[in-house]
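Student: Structure incoming, see below.
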Amino acid sequence: MTVSSSPWALMALFLMVSSTMVMAIPPRKAIDVPFGRNYVPTWAFDHQKQFNGGSELQLILDKYTGTGFQSKGSYLFGHFSMHIKLPAGDTAGVVTAFYLSSTNNEHDEIDFEFLGNRTGQPAILQTNVFTGGKGNREQRIYLWFDPSKAYHTYSILWNMYQIVFFVDNIPIRTFKNAKDLGVRFPFNQPMKLYSSLWNADDWATRGGLEKTNWANAPFVASYKGFHIDGCQASVEAKYCATQGRMWWDQKEFRDLDAEQWRRLKWVRMKWTIYNYCTDRTRFPVMPAECKRDRDA
């Protein structure tokens, strides 16, 4: 796919057209809170900096180590959001991740992974979903903005019916509950939220051909928001005590509406560079869950 030389103009046109239509129902508005309300550092504490009373956090990667943090609680379903500004400049080999994951061998996982690139080349956003330890469900898109220039909002809506990935309230991917088709769906393993910044130059950029240029270090990823609105559960819990009664379980959040599907189609047509659902070399038979992905 060829990236437009004027993504800002395309985005302005898209938003102008959207404003003339009935707007989709987004998830509940995220509530920004300090880092320490919901999260704790997990490794390389000296490579993290907090500002403004913990309302902003920086993760720092150098040639010695990356760093990361995780949520205090574990959750079954909810809405999870973060404002992130990615490292700038030549970031080939550098990965910034924001994801949910359980901890056992047959784990569930819902991933945002931002793959760095050479200066002048667009960063790539990879999403993936693991169920029962099975992943290999990668989708990759170019973003329609420079994610290192300002904060943008990356969100996950997870309920019994679907998982939706949002960028600035625009849906970029859905993963539908296809249990009736024999596909496992994350519904009984509480997950923590994690974020990390690390060197992955063995695979992240052009399959590992582009290596991290440490002359450009340190690499800094910045965070704000730290929003969690989920059903908190113990790691041993198999169901959410409020299952079926929370706002994310209601009818309007069980599927995308027409406007959201239109926006998702725009992402597919203009910005998608890889979708495992359409990779017949890798998957000669379409994976069963892709039958629920109406835009595949």
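Every residue, even glycine, has its Cβ placed from backbone N, Cα and C.
Annotations for this protein, taken from Swiss-Prot, read as follows:
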type     : residues                                                         : note
ACT_SITE : E113                                                             : active site, proton donor
BINDING  : E113, Q126, T127, N128, N136, R137, E138, D202, W203, G207, R282 : xyloglucan binding site
DOMAIN   : 26-223                                                           : domain 'GH16'
CARBOHYD : N117                                                             : N-linked glycosylation site
SIGNAL   : 1-24                                                             : signal peptide
SITE     : D111                                                             : site 'Important for catalytic activity'
Student: Can you work out the mean pLDDT of the predicted model over the domain 'GH16' (26-223)?
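Tutor: Taking every residue in the domain 'GH16' (26-223) and averaging pLDDT yields 96.
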Student: Once near-sequence residues are set aside, which residues in the chain of T127 (xyloglucan binding site), 6 or more away, have Cβ atoms under 8 Å from its Cβ?
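Tutor: When sequence neighbours closer than 6 are ignored, T127 (xyloglucan binding site) has D111, F112, E113, E138, Q139, R140, F165, I172, R173 within Cβ distance under 8 Å.
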Student: Tell me the Cα distance separating N117 (N-linked glycosylation site) from R282 (xyloglucan binding site), rounded to the nearest angstrom.
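Tutor: Between the Cα atoms of R282 (xyloglucan binding site) and N117 (N-linked glycosylation site), the distance comes to 25 Å.
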Student: Round to the nearest Å and give the CA-to-CA distance linking N117 (N-linked glycosylation site) with W203 (xyloglucan binding site).
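Tutor: A Cα-Cα distance of 12 Å.
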Student: Taking the Cβ of E138 (xyloglucan binding site) as the centre, count every other Cβ atom within 10 Å, in any protein chain shown.
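Tutor: I count 16 other Cβ atoms within 10 Å of it.
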